[in-house]
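Student: TrEMBL feature annotations, pasted as is:
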BINDING   ALA20, SER21, ALA22, GLY23, THR24, GLY25, LYS26, THR27  ATP binding site
DOMAIN    1-450  domain 'UvrD-like helicase ATP-binding'
DOMAIN    483-757  domain 'UvrD-like helicase C-terminal'
REGION    938-961  region 'Disordered'
Amino acid sequence: MAYPLNTLTFPLHGNRLIEASAGTGKTYTIAALYLRLVLGHGGENGFVRPLTPPEILVVTFTNAATEELRDRIRCRLTEAAAFFRRQGSGDEYLLSLREAFPEPQWPAKARQLEQAAQWMDESAIFTIHSWCQRMLRQHAFDSGSLFDLELETNEQPLLEEAACDYWRKYFYPLPAALLGELLESIHCDTPQALLDQVRPLLNLPLPSPEDPFDILARRQAAIETARLCWQNDFDAAVAKLRDAQARKILSGVKYRAASLANWIDQLSVWVKGEGPLPKADVLGKLSQKGLREGINKNKTAPEHPAFSAFDRLIDQLAELVMDEALLVHAAWDIGCRFRQAKHRQAQMGFDDLLSMLQKALQAPGGQQLAAIIRTQFPVVLIDEFQDTDPVQYDIFSNVYLEQPDTGLLMIGDPKQAIYAFRGADIHTYLRARKDTGTRHYTLEKNYRSTNALIDAVNQIFSFADPHAQGAFLFNDQIPFHPVKAQGGKGQSIVDGEPLNGLHIWQLPQTGPVKKTGEDGYIEQMARSAASEIVRLLNLSQQQPPRAGFEPPDGGALQPLRPADIAILVRNQNEARAIRRALDARHVRSVYLSDKDSVFACDEATSLLYWLRACAEPEQERLLRAALATPVLNLPLTRLEQFNRDELAWEAEVERFRRYQRVWQRQGILPMLRMLLGDFDVAARLLSLTDGERAITNLLHLAEMLQTAAADLDGEHALIRWLAEQIEQPGSGAEEQILRLESDDDLVRVITVHKSKGLEYPLVFLPFICSFQDPTRRILSVARYHDDQGRLVTALNPGPDAIEAIDNERLAEDVRLLYVAVTRARFACWLGVGVVGKVTQKDGEQTKLHQTGLGYLLSAGQMILTGEFPQRLQALKGDSNAITLSPLPGATDAVYRFEDKSPQLDPALGFGGNVSRDWRISSYSSMLAGAQMKARAPLEPAVAPPSPVGDGAPSAPESAAEEQLQEAAAEAATARGAMGADPSIHGFPRGPDPGTFLHGVLEWAADQGFANLVQDSRRCEEQLAVYCQRRDWGKWAPVMQKWLKHLLQTPLLLPDGQGTVAMSALAGDGYQAELEFMLAAHRVDTRFLDQTIACDVFSGAMRPELNRDRLNGMVKGFIDLVFCHQDRYYVLDYKSNYLGENQQAYSAEAMATAMLEHRYDLQYVLYTLALHRLLKARLPDYSYRHHMGGVLYLFLRGVGTDGQGVFSDKPSQALIETLDEHFAGKETLHAHG
């Protein structure tokens, strides 16, 4: 039994469960209880003391819900404070609340409320995951968690990587035929499919599994034994089969001539070792047992050892079942790899937050942690409690259950528990219901819907409550409590008559219909629902309107608008069907539950072609592909003109050259805007039915490209990034999901799951009799609950497990129906029909009873077409709030929309000029495309071999190429891993090792160079951990020796200024990773190049920069800036490989590297940046006295004799000339 909840007398202590049915004011109730906790109201039913917002924990499940609760509670506190000051009108609750306190206390209580409202930004209103994260961080010592764990919101890439690693390790070595058999047994053919199969097992405590590949080997041995038996006397065995068929010994039904010939052909190929083992049914037919069962009456089956070999093989294969072992093995291995990857990267996922806090509370010191949390949050209100899972409930029950001077208030509605696919567990709610004894409360009054609709909902669920399992299939554990109507909502009027609450349309039929097809249930309902919506909307357009809403005070009828109508569906297929029907009748709609990736749309592919053409406009093939994209939709005549008219083609080439220049100078967004405008893409797309969708996708993609461009270097890197996203759409986070194309006055199409918590004036449920049959899917891993409510995981579930799964599915379908019909404010339409088939053997086989509505009608018994009307009439009973009627016929009428919005004056145009060549450049962008025009010898005459640079390899064009690159990288690492040269010279080369070395030095700077040298043991330990977390654990001893040597080596300073070791630098005397932004006003890169070439390595040839003008900012990062003896130096790290020993890092070799990579340009820019900084910071700054110069450390070759250290100090004249040029001053002189 549940007690009616009174917000003024409800006890605010102990453990209590509140059932808040749909529309009963759950958020209002939470705010009301919050006010009482702040004021200390209630006497014996109140809490022991007033609480502040940081002490009242409110937990919900989405970020949006936390913001809504915070805003609603803040507003309520502000409203109550004003009412206590007699400054506003309050409702009945506030009046009663104020009267509970003596009048002299009202000003003090008002101050309490005001302070609480001002404190709401620090209120403890969190999602369950964010709260767990806070607890782990705030109580790291008590919970045993690490301080520096990073929350990773998208763990899918790591899981996919683990699955790919497993696939490569275990599946790649298998022969093709064997691999095919193995994959067929587990119903998957890709690493992603394997991951989907084992995902339910990943969080389970799995034992060390049996080796499935040992089972596979034994199966293969058994199969080979049978093959050899057949091979020894194949012709004789086949002759016996053919003879038995010819003499009609074998049944002609079971052994048709064509079938037997086909089986013999399969056997022949297999026996020769040229094909796979025949299927199990063929083995059974040709086994000795099968032949005996397949003969005609009074006949003797043919006998042969080969037939008996199949009997033995069938028994052996039945014992050597490997699919379960393989799934457990894959789950165990992938799970281990996944957890190891997270540990190395110091990451945790959302599930880890929950499990870590749960384990901390169950550990030996868990009671102390629980007591700390209770002190911090004496009272917790859990919103949407029906969506809780067992781990979440364990956390709160361990902290609060049966604890004095605390409050655990759980608010939810088990009838709306529809998120099992997200891990929500209704059995957890039932467990809490049991734990709270009789402390159950219910909200009795519905504030959302009209009297008629509430009466209709009460009727259909009260009708089913006497079923053996109750209305919701949980007997009396989830009873249905009819709610009362608040009233005062007004009503919906059509042709002068109020609409009834619930309209049930019955499909006219003489027998069951198919679900899909032109005349199937889905299509018929879609056409009729769309026609009815058109009728209602057209009536609302008339003057005066004949369809709309009458306000409670009886004022003028407010016309019905498309946005007042919601159509609730189960999935995207149903959404497509109803939107097609609406489009055909000129009714615009929007689908609010689209979860597709924007990279999967056609616009993404068109955009990729555009970018490729813009990056290389001279490539005819790329440009023709871009011009032929569907989004541009150029006429075929114009495309043909490009083949015949050379001038027209050259004009297009020049157009795309212009796009290239805009892209390079201004960025991707301005370029795309110009392209879309030139081809009039927006105007053309908006003339199409789905044009808004296409425009939204293009703008969404452009925004994501702009974001990605900030972390990518160059046009081709951005193109490769887009190609990768298109190849693997949906692997990213929420920002990839298709955006809402319009917020205009459109009909809303939304899934039932996403509609929960929302309300709409009119709701259509045209496909309420459709459902997802789990028995039609191949399940390798399934989860369900046993009779005790315990969660069971079954591998290859049998009939009993499938039945239990379907029962849970049916119970959730009933809850989905409840959620759906309670979204409506005024009226709801249900489209019902009997879906199924008729067979000669079994007659009608209908499926209506397998739906939520069907269960209400018949308690799960099959409903035949003929009895369907009587069942509906019984459901209606004597309720006047329900209308039963035949499905209205579909019409061709269209929506006649009349735009009554006021006409606006034309927008004012801008006639000025705006410079659009401002951009942010960098050393890398200036170097892009630089080429060596000629080579002049450096001293000595023969330059050393070209060094291997820091540059990254090109990004892969496909997933296959990415796997090849990964394999190559792994191979390279393996070659360098503790090989013949376990030193820094043997350390792997390439971008990843280079990045790692830079990271080690950045880490060392953060720790303090001197500190690491002074405490070498601590340095070695921490560096080992650093290497391990970044997958370089084997190289830790080499890194320790190398770093110690590097930090202590005296580095030769420029211009004979002596030496300095990095370990001698004081902690406040250097800055690592110093970012700078240099203002650049019309800087001529040709002048910049020539000026540097005259001063640095004068006379030596080097790659020339592209001709360009830099206008905006030049951005960069200096690895280290340090001060030594009042002089300031630039220090940069280079991981280039120049040779296999220290002698390879001579001055000549380093000079070659400096020029080939144009590091001369880089260090001059760095010096200019430091010059400007010092000039701004030091009052008596002098370049001569304060600027020390630059040092470039070639990290693999730094030695005590000066190897690996390049030093220089650019001339003062050079730096001052460039300073003036960057400032926009005319610089006419050169210098030497």
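Keep in mind that glycine also has a Cβ here, set from the backbone N, Cα and C atoms.
TrEMBL: automatically predicted annotations, no manual curation.
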Student: Excluding ALA20, SER21, ALA22, GLY23, THR24, GLY25, LYS26, THR27, which residues of the same chain place their Cβ within 8 Å of the centroid of the Cβ atoms of the recorded ATP site?
Tutor: THR29, ASP413, LEU443, ASN446, TYR447, ARG448
Student: Near GLY25 (ATP binding site), which residues of its own chain have a C-beta under 8 A away, given they sit six or more steps off in sequence?
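Tutor: Counting only residues 6 or more apart in sequence, the Cβ neighbours of GLY25 (ATP binding site) under 8 Å are LEU443, LYS445, TYR447.
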Student: Give me the non-local Cβ neighbours of THR27 (ATP binding site): same chain, 6+ apart in sequence, Cβ-Cβ under 8 Å, ordered along the sequence.
Tutor: GLU68, LEU69, ARG72
Student: For ALA20 (ATP binding site), what is the secondary structure state per DSSP, taken as helix, strand or coil?
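Tutor: The residue in question, ALA20 (ATP binding site), is coil (DSSP, three-state).
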Student: Enumerate same-chain residues with a sequence separation of six or more from ALA20 (ATP binding site) and a Cβ-Cβ distance below 8 A; give 'none' if the list is empty.
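Tutor: Spatial neighbours, sequence-distant, of ALA20 (ATP binding site): LYS26, THR29, ILE411, GLY412, ASP413, THR442, LEU443.
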Student: Check each residue in the chain of ALA22 (ATP binding site) that is at least six apart in sequence and keep those whose C-beta is under 8 Å from its C-beta; list them in sequence order.
Tutor: ASP413, LYS415, GLN416, ASN446, ARG448, TYR818, VAL819, THR822, ARG823
Student: What count of other C-beta atoms do you get within 10 angstroms of the C-beta of THR24 (ATP binding site), across all chains shown?
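Tutor: I count 23 other Cβ atoms within 10 Å of it.
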Student: Non-local Cβ contacts of GLY23 (ATP binding site) (under 8 Å, 6 or more apart, same chain)?
Tutor: ASN446, TYR447, ARG448, SER449, VAL483, GLU759, THR822
Student: Within its own chain, what residues at least 6 apart in sequence put their Cβ under 8 Å from the Cβ of SER21 (ATP binding site), listed in sequence order?
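Tutor: Within the chain, SER21 (ATP binding site) has Cβ neighbours under 8 Å at ASP413, LYS415, THR442, LEU443, ASN446, HIS481, VAL483, THR822.
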Student: Enter the number of other CB atoms within 10 angstroms of the CB of LYS26 (ATP binding site).
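Tutor: Its Cβ shell of radius 10 Å holds 20 other Cβ atoms.
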